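This report refers to the structure that appears directly beneath it.
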Amino acid sequence: MAYKYSIGGHTYAFTDLKTLLAKASPHRAGDVLAGVAAESYQERVAAQLALAEVPLRQFLQETIVPYEQDEVTRLIIDTHDAAAFASVQHFTAGELRDWLLSDAATTATLQALAKGLTPEMVAAVSKLMRNQDLISVARKCEVVTRFRNTLGLKGHLAVRLQPNHTTDDPKGIMASTLDGLLYGCGDAVIGINPATDSPAMTILLLQLLDQLRQQFDIPTQTCVLCHITTALQIMHKAPVDLVFQSIGGTAATNTSFGVSLSLLQEAYEGALSLNRGTLGQNVMYFETGQGSALSANAHFGCDQQTLETRAYAVARHFNPLLVNTVVGFIGPEYLYDGKQITRAALEDHCCGKLLGLPMGVDVCYTNHAAADQDDMDNLLTLLGVAGCNYIMGVPGADDIMLNYQSTSFHDAQYVRQVLGLRPAPEFEQWLYRQGITDLTGNLLPVPASHQLLGGM
Amino acid sequence: MEDAWKYLQQFTTARIALGRTGTSIPLSEMLAFRMAHAHARDAVYSLLDVDGLQSVCSTVFRLPVRLLWSQAAHRDEYLQRPDKGRQLHPEAAALLEALPAADLHKDIAFVITDGLSATAVNVHALPLLSLAIPRLQALGFSLAPIHLVTQGRVAVGDPVGAFLQTRIVVVLIGERPGLSSPDSMGAYLTFAPAPGLTDVSRNCISNIRPAGLSYAAAADRLVYLLQQALRQGISGVHLKDDSIQETRLLE
């Protein structure tokens, strides 16, 4: 259906819901590239005013990517929880925004509501929010997941230790891993992006990490972020804790990643059957990021932030341990500068949390974007306030394999310290037992004779 | 405060054991980072050495070399409009349409393009090709003329390969500069190149540079993947790189 808003004698008409969502989206490069962005400041706000009036029920009636063509749309519609939706079904998108910010929306009510919300509803609400609102609402959410430790508790911030190496050299990877552990990082996962997608190398790296974990009884999980088909191929001959996959918000995007819902289901069931979690069975690790659909020419005229939230519907179906948006990785043609990256990260974090996902954020940028460390410091601090589940820990913030800048082990310590955030409880105790941190979480001087360094 | 595990730096070029003041990075490391970022920013704006590549390619490999260009008119447009970097400029496409029949239907076509660091291909393309091309020729594969493309993305190899009607196209391209590697080159293999393909159809050999994946190792992997792709008639996620098994695990 068409949507309208009139101002000063001019009537803006938006032909359908996806157009309205796109025009209402805060300005970013990728929507301009896709040709879906508002053409003036006034048109953008007019779209937001019109969007605020759309009843939430309409989002169940009018799909933005055709149901018949797209299995992600079918997943969203077919798994929608009408009972959970009942408490907000009379709201418009604008009323939902005000309610989310009200005292009536508590951690418990938001958890109960999550499966009643669709990605498009959440995306719509986010477009009606300022950054402050995105932080306030996300901070109320709490999404807790478990494998060998407990992630996502309020007041805790975990770190994925990312010890990538340009040639997957085992000693190089181990050196970065030990550096990270000695800086208090690695509770979310110790996860390597391999330089190539070789099954043999994946097995070797998984064995390397698993051996370290077992030797020092580290309460965490390990992962080599290979393609899901590789994980399926090797999971019975290698220690696979988590199955990783990049995913997107349309079936065609997922095709471009070489995956489908049925393939994800197969891998999910496979990983569950390994039964390697000790505290819980959240066995999936997903990465997402605004712009992936357009990058694969699979965006159907939708804006990138709305499609990003649809990727969370895919993730949600497989009860992941970890989901993170790799927000600044994709480059300036999607998120041009520090301001756009910051906004997108806060949107992704908030929307993911509202949908019930254990959201982390890769606070990052590439060297062809107009951003630098100051932008990352700002975003990291905002996400700490917003209650982000985890961030990345990369030596010196410089990923030498993926060629981008993320957050460093030092950055993780900074944000934990200034905001009083703590590691995952089991990991925090391990750090204390190892003499890496004191009782209050401060780093201690570690001697060269420390047992973690014994093998090197 | 220095870290007691500084000796681990010998195993990786990652920024480990930086030491700390409080929880923060010491000043010397912070400024070293800023300088590296400056180098990377400068690499993004470097230019493809068209004359140098053209003259060496034609004399050393005895292959015709042609210059093409994408639809991105300048660097700033290139950065914000990747779609334009994926497509040939109509005038460049017209050059390809006029190719002699003798240049068509070869097994392999090499395309060299600036990507996000012209510096990378300016420095690394010729050393890699010098190792790979003689081996490919010895294996009996036929090679199409080499094409240089300015302001190009990976997918610009698809229309080039399609025009050439080559079985497989290999795009050598400057990867996005990292702080430690403003000159990292990638090689992307696409079987049956045609406009509209996505990354799922490609195999990538990444981080080619002396301090990353050496020329020799990259050439080994490239020749192996090309043989496999041409034998199996596929490229992409279903073509697994098992060359590692033969080299790495024997150590």
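A Cβ is built for glycine as well, from the same backbone N, Cα and C atoms used for every other residue.
Automatic, uncurated: that is what TrEMBL annotation is.
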Additional site residue, A:PRO194, A:PRO199, A:PRO445, A:PRO447 [criterion: listed by TrEMBL with A:GLN245, A:SER295, A:MET401 for adenosylcob(III)alamin]: A:PRO194
Candidates A:ASN131, A:ASN193, A:ASN389, the one TrEMBL lists with A:ARG160, A:LEU161, A:GLN162, A:GLU287, A:ASP362 as binding substrate: A:ASN193
Residue among binding-site residues A:LEU161, A:ASN193, A:GLU287, A:ASP362 with Cα closest to the Cα of A:GLN245 (adenosylcob(III)alamin binding site): A:GLU287
Cβ contacts of A:GLN162 (substrate binding site) (under 8 Å, same chain, 6 or more positions away): A:GLY191, A:ILE192, A:ASN193, A:MET392, A:GLY393, A:VAL394, A:ASP399, A:SER406
Cβ-Cβ neighbours of A:GLN245 (adenosylcob(III)alamin binding site) (radius 10 Å): 26
Within reach of chain B, those binding-site residues of A:ARG160, A:LEU161, A:GLN162, A:GLN245, A:ASP362, A:MET401, CB-CB under 8 Å: A:MET401
Residues flanking the substrate site, with Cβ no more than 8 Å from the Cβ centroid of A:ARG160, A:LEU161, A:GLN162, A:ASN193, A:GLU287, A:ASP362 and excluding those residues themselves: A:VAL189, A:GLY191, A:LEU225, A:ASN324, A:MET392, A:VAL394, A:SER406
Binding-site residues: A:LEU161, A:MET401 - member with fewest neighbouring CB atoms within 10 Å: A:MET401
Residues A:ARG160, A:LEU161, A:GLN162, A:ASN193, A:GLU287, A:ASP362 binding substrate per the record - widest CA separation, whole Å: 15
Between A:LEU161 (substrate binding site) and A:PRO194 (adenosylcob(III)alamin binding site), the C-alpha gap once rounded to whole angstrom: 14
